[in-house]
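The next block holds one structure in the form of C-alpha cells; read it before the comments.
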Amino acid sequence: MNEDHEAGNSSREAEVHQLARQFTDQSNYSAAGQNPFAVEAGSALDPNGEHFNARAWCKAMLQMHTGDKQAHPLRTLGVAFSNLNVHGFGSDTDYQKSVGNVWLEVLSLVSKAFGQKQRKIEILQNMEGLVEAGEMLVVLGPPGSGCSTFLKTIAGETYGFHVDKNSNINFQGIAKQMAHEFRGEAIYTAEVDVHFPKLTVGDTLYFAARARAPRHIPGGVNATQYASHMRDVIMAMFGISHTKNTIVGNDFIRGVSGGERKRVSIAEACLSNAPLQCWDNSTRGLDSANAIEFCKTLRMQADINGTTACVSLYQAPQAAYDYFDKALVLYEGREIYFGRTSMAKQYFLDMGFVCPDRQTDADFLTSMTSHLERVVQPGYEGRVPRTPDEFAARWRASPQRAQLLQDIKCYNAKFALDGEYLDKLKQSRRAQQAKAQRVSSPYTLSYVQQVELCLWRGYQRLKADPSVTISSVFGNTIISLVIASIFYNLKADTSTFFQRGALLFFAVLMNALGCGLEMLTLYAQRGIIEKHSRYALYHPSAEAFSSMIMDLPYKIINAITSNIVLYFMTNLRREPGAFFFFVFTSFVLTLTMSMFFRSMASLSRSLVQALPFSAVLLLGLSMYTGFTIPTGYMLGWARWIAYINPISYGFESLLINEFHNRDFPCMNYVPSGPGYTDLGLNNRVCSTVGSVPGQAFVNGDAYIESAYIYTASHKWRNIGVIFAYMFLLAAVYLVATDFITEKKSKGEILVFPRGHEALKKGKSDEDLEEGSGRSVTVEKTGSDGLTMIERQTAIFQWKDVCFDIKIGKENRRILDHVDGWVKPGTLTALMGVSGAGKTTLLDVLATRTSVGIISGEILVDGQPRDDSFQRKTGYAQQQDLHLSTATVREALEFSALLRQSAHVPRQEKIDYVTEVIKLLDMTEYADAVIGVPGEGLNVEQRKRLTIGVELAARPQLLLFLDEPTSGLDSQTSWAILDLLDKLKKNGQAILCTIHQPSAMLFQRFDRLLFLQAGGRTVYFGEVGENSQILIDYFVRNGGPPCPPAANPAEWMLDVIGAAPGSHTNINWFETWRKSPEYARVQEHLAELKRERPEQTNLFRTTSSQKREDKASYREFAAPFCAQLCEVQVRVFQQIWRSPTYIYSKTALCVLSALFVGFSLFHTPNTIQGLQNQMFGIFMLLTVFGQLIQQIMPHFVAQRALYEVRERPAKTYSWKAFIISNIVVELPWNSLMSVLMFLCWYYPIGLYRNAEPTDAVSLRGTQMWLMVWTFLLFSSTFAHFMIAAFDAAENAGNLGNLLFLLCLIFCGVLATPGQLPGFWIFMYRVSPFTYLVSGMLSVGISNTNATCADNEYLRFDPVNGTCGKYMDSYISNMGGYLEDEMATSDCSFCPIKETNVFLSSVSSSYSEIWRNFGLMWVFIVFNIFAACLLYWWVRVPRVKKPVAKTE
C-alpha cells in the first residue's frame, strides 16, 4: 500500500472519503474519540483546511461508528455467478435509415410482430466468477469485448440485452429482489458524465450526500450539516475542493475541466454508499496519479467497509492493478481467465506467452485478446490457443477454473437464496431509511424528504439560470399589454359582443398554452434523473412533483401580472367576484395544461416522438374551445373533443362570468337609417344574435345561449371538471415519470448505407457492444499512406504565454508564463494534473479561445500568426464531435475538399483521403455511418476519425491533439501512438496532451512540457532514453530517486505533489525558472525568433517563390462558392438521412391540415359559417409554433458542431453555414405545402366557392401559393429567431411572442376598424395580415351567402309586406328577406354575398398578387435578418495581435 511513502496519508484520502461515507451510515459517537463534525478550523480533521488528513479523519469516523451496531449494522454485498449467458437481438439489415428507405423498417417491424425470428447475438458466454464482500475485481478486455455488458448485468441494468433465464447470480443470498427492492445497493457508473450543467460542483455533491443520508446521524449533527461535511470531505479527497462554486458544465457549456468533471461523477457515485459498485472505465480523462488514487480509494473502502468493487480499466497503471484482488479477462464475450490478480500473469506465461519488458500486468493480460500484440515463446507456436473459443476452452479445462467452481459452490451453500442474509440486509437498510419510508423501498429518504430535496435543487438551478423563467414572464406580460391595448376599454353594449368573445378566447389560450415549452426542459434533464433513480437517490416522480411546486411561484406571478393588465384595461366586468373568478379560472387552467404538456413529455421517449402528436392535440384543444367552432357547428363525430377538452370548460365559465345576468344596450338596429327614424320597438330589432323584438337591449344569458349554447348553471361545474382533469393528468405525469424511460441505444452496431457490400456479407456473431469488432491493423500492401503527407518545415514557438479569465468578480490566471516550441518531425507531450490548463494552452496556441485575456508571444518561423493559421493547423479535440449521419469517408472528404489548398485538384484531395483511411487502418469501416455513441462507431473508431479529419486537411504547420488516447484501451492507445510516430517520421510537428501513459507509451515522446496546477511550467525539454534526462532533472533538484520498475509519468506527478495525496516542499515552478534548462530554452527561443525569418525568406527566394500565392494567406482555403456547394450537399444529405425529422414534419403538416379540414367539413356560407372558414385559416396558421420548435433543436445541433469544431478550424465561413441551413429547409417545406394544401383545402370545401365564377383551378393554385409562402416564412423565421440564441427554449419563447403578435394583428380577432389608431402600424407590418387576407379572399370571394335559422332577424313591418317595408334598407345596406310577401314576423338576413363579409375584415380578392408578393418580402427579410443576427451575435470579432509581455 506504500504506507511508508510521505504521500501515504493524503493519498488515502479518497479511500478514506468513501470509508467515511460508509462510516457515517452506521455510527454512534464514542466519547474516547474526536468528533470529526466538530473540529477546529485548520485542524487535520477539517476538510476545508490545508492540513486535512484523510487517515486521521477516517479513524475518528471509525471510532464514532463502532458504538451501536444495532442502529448501524454493517452492510456488505458479494456476488457469485455461474452459467451466465447474455444475448441481444440484431438484424442482418444494419443499414442507415433515410427518408426513402425507412418504410422497409416498418415492413420489418410488421414481420417481427408476426413472429419472424431475429438473429440472436451472443454477448457474454458461460461466465463464472465469485467476488466476495470486501474484494475488488478488475475487468480487462478491449472495447467491445463485453466489459460494459458484464458490469451492467451485475448491477441489474439490462436494457437492450437479455440475461439467459438459466443464468445463476447470487448476491450473497439475494437474487430477484436486487433489481427493485435493493436497487441502489448495486450501482453501475457509466463512462459518460451526466450532470445538470448549470449546477455548481458543491451543490451537485451536497445533493447526492443528502439523498443517502442515514436516519441516525452521528456526532450530534443534523442531516444538512452531515451532507455538507460529507461533500467537503469527498471534494478534499478527490482534489476538487477548489471547484466548489464552479458550475459542472458539459461539452457545450464551459464549467470544470474534463478530468474534474470525471471526479465529480466518481464522487457522486461514492456518496451513494452502495456496498456493490460497478465502475465502467471511470478513470477515463484522469491523469495517472488520480487514476491510482481512485483505485486506492476503492481499496480502502473494501478493506474497512467490506465494499465490493468491479472495475473495468482500459489503461491500468501497474500501481492501480496491484490494488485489485481478482481479475476477469474477456475476449469477444468469452471468459478466458478469472482468479487472483497475482496469479493471472503466470497463468498465461505457463500457457506459452511472453510478457515484454516494462509492460504492465494489465496490458499483458489485455494483449492476450489481440493476435497482433501477444508474443509466443519460441517452440510454443503450435500449442498456444489462437481464437477466442480456443482460449475459453483452455480456461474451462484448467485447474484454476475447477477451483473457482468449488469456491462458487461453497459460497452458494453459505449464502442460500432468500436465507438469513436477506433479512440482515433488510434490517440494515431499515436502520438507514427514514421512518416514513416503506421497508421494501430502495430509497433512503421518505417521499416527502425526496420532494423537499429536489425542491432545494430546483431553486439552485433557477438561481443559476433564471433566463427562461424571466423571458417567459416578460413575454406573457408584453402579450397581455398588447391584447389589452387592442381591446382597450370595450363599451358595455352589443357592438363589443364578438370582441369580448375573441378577448376571452385569447385570454384562455394564453393562460393554457403558455407553458408549452416545459416539454423541452423535461427532455433535457431526463438522463440525469434516470441516473439518480438507478443510484436510488430519489423517485423520478419526486423530482417531477418538486418541479411542479417549483414552477408555482412563476405561474402565480404570471397569472397575476398578465391577467390584471388584461382584465382592467379591456373593461371586462368590473365586479370583485367576477374579477377574482377570472384570475382563479385562468390560473387553474394554466396548472391543468402544464400537467397536460408534462404528461405528454413523460409518455413519450423523445421530443421527436412527442411533437407531431402534441401539435395536433393542441390544435384540437384550441379549435374545440367553443369560440372558433361554436358548439352548434361542431360535427357529430367530433363533438366529444369538446367534452374532453379542459380549455372548453374554462372558456364557457369565463363567458358565463362575463355575460351572466347582464343587459347590454343595443347599438345597431335593423332596419335603421333614412326612412326608419320613428319606428316602434316591435318594428325593428337589435342586429345581434339573442335579440328579442321589442327590447332595446340584449340579455347576456340569451346571447351566450343562442350563439354558443352555454348555460349559466355550468359555471362552477366546469371548474370542478377542470380540477378533475388537473389531478388526472398530474397522476399520469407522475406515474409515467417513474415507469417510462428515455430512448436508449442498444449497443454499438456499425451502420452502413443501404446496399453497401458489408451488409451483403454474412456477419459473424460479434459482441453486441462492438458490432463490426475492433479495427485491427490490416496487412497493407505497398504504400502505408505516408508518401502523400507533406513534409513540414515551419517551427512553432511561444514565450511567456499567460491567459487570464474573469470568474465571478475575481480574475483567475489559468496559464502563467508558459514557454516552448514544436519542431517538424518531433512529438511533444503536454502533461499535468487535471485542471492544470493543458487544454486551455492548446486552445490559446491554436487561436481557439473566445473569452479571456491572452498575453505573450506566439510565432511561426519567427513571425506572428496570420489569418490562415487556424486552417493550416490540425486540432483533434478531446470530444469526438462529428455529424452523425455522415459516413467516415464523407467526413474525411468534406475536411479535405474545404481545408486543403484551393490549387490542389479535387481528385487528388479524394485520393489523399483514401491514403488517410489506409494510414489510420479504417478501411473496414470507411463507409460506415458515424452515428451517435452507442449506435455507430465505437470510442476507438471515433477517436481515429477525429484524428483523420485533421490529417485529411493536410495541416501545413502542426497537429494539436487533446487527449487522443482518452477512453481507449492500451492496445488502441499504442496504435494511436504508432500513427503519431509515422507522422512524426515524415516531418509532422505534433503537440499532444496525454493522460495515464504507460512507461512504454511515455517513452515514445521526444519532448515534454509539464504543467502544474495554475498553468505553471515545471519542465520543458527532452524526455531522453528510458526517460533518463527527465528523471535526472527532478532528482538533481531535490526529488526522490525513481524506482527501476516505476512508470516515470506517474513518478513525476508524485514528485511535484500533483497526486491528490502527495505533498512536496519544493516550489517546482520557481525551481524551473532558476534552472540552466530554462535559461537554454530562453536562449533558443530568442535564436529562433532572430534567425527563422531570415532562413524562411532565403528558402522562398532560392525556390523561386519570392511572392507566395495570396491564396495561402486567406482565412479559408476554398472559395466561398465551393464552401457553399459542399456544405449544401452535406446538409441535404443529413436531412435525407434524418427520416424521423422529415416524417414528424410531414405528420405535423398533414394531421393538422386534415384535422382542421374535417372539423369544418364543407362548412356552409352562413354568417357563422363564413366566420368558421376564416377561423379555419386562422387555426391552420397555429401550427407555426410547432414547426419552428421542430426546426430549432435540429439547427442547434448543427451549429454546435460548426462552432465547436469546424469554425475554429476555418473549414468554411459562417455565411456558408447559415445560408445552407436555411436553404435546405425550403424544398422540404415546398413539398409539405402541397400535402397541407390538399389535406385542408378540399375537406373544408373552399373549392366550392370558386365554382360560380368557374375559377376552381386558378383559385386552387393561388391558395397553394399562399400555403407555400406560409411554410417558407415559418422555416426562415425559425432561423431568424434561433440565429442569436444559445438555447432553443429562449428562441422559442421569443418566437412564440412574435408569432402571437402576428396572429393578434392579422385582422381576424380585431378588424382594422376596431384596432386603436396606435396599433394600425402593427396590422400593416404583420405578415399574417397579408397571408390571411390573401387566403380568405381566394377561399370565399365572389359567391352567395345565406343565414342559419338563429341568424335571421325577426320583426313586424309597420304596414304592408315585409318586402315593401325593407325595400329602401336592402337597397342601401344589402341583405335579403326569407319571404318578401309576408305581412308579419319578417325574417331578414343581413348578408347576401360573401364579398360583404370580406370587406368587413378588409380583405379583397383584387389584392391577391400584392399579398403574395409581400409574403416574399417577409421571407427575404427573415433570411437577411438571420444572417445579420448570426454575424452580429455569434461570429467572433477579429482580435488584436497577442501582446508581448516582458
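Each Cβ is built from the backbone N, Cα and C atoms, and glycine gets one as well.
Swiss-Prot has this to say about the protein:
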BINDING   Gly832, Val833, Ser834, Gly835, Ala836, Gly837, Lys838, Thr839  ATP binding site
DOMAIN    104-357  domain 'ABC transporter 1'
DOMAIN    796-1038  domain 'ABC transporter 2'
CARBOHYD  Asn9  N-linked glycosylation site
CARBOHYD  Asn28  N-linked glycosylation site
CARBOHYD  Asn222  N-linked glycosylation site
CARBOHYD  Asn281  N-linked glycosylation site
CARBOHYD  Asn305  N-linked glycosylation site
CARBOHYD  Asn1344  N-linked glycosylation site
CARBOHYD  Asn1359  N-linked glycosylation site
TRANSMEM  468-488  transmembrane segment
TRANSMEM  502-522  transmembrane segment
TRANSMEM  548-568  transmembrane segment
TRANSMEM  577-597  transmembrane segment
TRANSMEM  610-630  transmembrane segment
TRANSMEM  719-739  transmembrane segment
TRANSMEM  1147-1167  transmembrane segment
TRANSMEM  1177-1197  transmembrane segment
TRANSMEM  1217-1237  transmembrane segment
TRANSMEM  1265-1285  transmembrane segment
TRANSMEM  1301-1321  transmembrane segment
TRANSMEM  1412-1432  transmembrane segment
Segment proximity, the transmembrane segment (610-630) to the transmembrane segment (1177-1197), 3 or more C-beta pairs under 8 Å: yes
Those glycosylation sites listed as Asn222, Asn305, Asn1359, and which of them has the most Cβ atoms within 10 Å of its own Cβ: Asn305
Two-stretch contact, the transmembrane segment (719-739) and the transmembrane segment (468-488), at least three Cβ pairs under 8 Å: no
Ser834, Thr839 as binding-site residues, winner by CB count within 10 A: Ser834
Same-chain residues at least 6 beyond the ends of the transmembrane segment (1412-1432) whose Cβ lies under 8 Å from its Cβ atoms: 1214-1215, 1218-1219, 1222, 1262, 1265-1266, 1269-1270, 1272-1273, 1276-1277, 1279-1280, 1283-1284, 1327, 1330-1331, 1334
Candidates Asn222, Asn305, Asn1344 (glycosylation sites) - the one closest to Lys838 (ATP binding site) by CA: Asn305
Contacting positions for the transmembrane segment (1301-1321) when only residues 6+ beyond its ends and CB under 8 Å are counted: 479, 482-483, 485-488, 499, 502-503, 505-506, 1174-1175, 1177-1178, 1181-1182, 1327-1329, 1331-1333, 1400-1403
Check: same-chain CB within 8 A of ATP site center, minus Gly832, Val833, Ser834, Gly835, Ala836, Gly837, Lys838, Thr839: Ser257, Gly259, Asp287, Thr840, Leu1011, Ala1013, Gly1015
Distance [Cα-Cα, Å, rounded] between Thr839 (ATP binding site) and Asn281 (N-linked glycosylation site): 21
Rounded distance in angstrom between the Cα atoms of Gly835 (ATP binding site) and Asn281 (N-linked glycosylation site): 20
Among Asn281, Asn1344, the one of these glycosylation sites whose Cβ has the fewest neighbouring Cβ atoms within 10 Å: Asn1344
Whole-number mean of pLDDT values that fall within the domain 'ABC transporter 2' (796-1038): 88
Intrachain residues whose Cβ lies under 8 Å of the transmembrane segment (1265-1285), provided they are six or more past its termini: 1149, 1181, 1184, 1187-1188, 1191-1192, 1195-1196, 1218, 1221-1222, 1225-1226, 1229-1230, 1232-1233, 1236-1237, 1240-1241, 1291-1292, 1294-1295, 1298-1299, 1327, 1331, 1334-1335, 1338, 1411-1412, 1415-1416, 1418-1419, 1422-1423, 1425-1427, 1429-1430, 1432-1434
Residues satisfying Cβ distance under 8 Å from Gly832 (ATP binding site), sequence separation of at least 6: Asp287, Lys838, Phe1010, Leu1011, Gln1012, Ala1013, Val1018, Ala1058
Range from 468-488, 502-522, 610-630, 1147-1167, 1217-1237 with most C-beta pairs under 8 A to the transmembrane segment (577-597): 502-522
Close approaches to the transmembrane segment (468-488) from elsewhere in its chain (Cβ under 8 angstroms; 6 or more beyond its ends): 462, 499, 502-503, 506-507, 510, 514, 517, 521, 554, 557-558, 561-563, 565-566, 569-571, 1287, 1289-1290, 1293-1294, 1296-1297, 1300-1301, 1304-1305, 1309-1310, 1314-1316, 1318-1319
Tertiary contacts of the transmembrane segment (610-630) (same chain, 6+ residues out, Cβ under 8 Å): 501-502, 504-505, 508-509, 512-513, 516, 519, 597, 600-601, 603-604, 638, 641-642, 645-648, 651-652, 655, 707-710, 1144-1145, 1147-1148, 1151-1152, 1155-1156, 1159-1160, 1168, 1172, 1175, 1178-1179, 1182-1183, 1186, 1189-1190
When distances run from the Cα of Ala836 (ATP binding site) to each of the glycosylation sites Asn222, Asn281, Asn305, Asn1344, Asn1359, the nearest one: Asn281
Distance, Asn1359 (N-linked glycosylation site) to Ser834 (ATP binding site) (CA atoms, angstrom): 100
Helix, strand or coil at Ala836 (ATP binding site) [DSSP, three-state]: coil
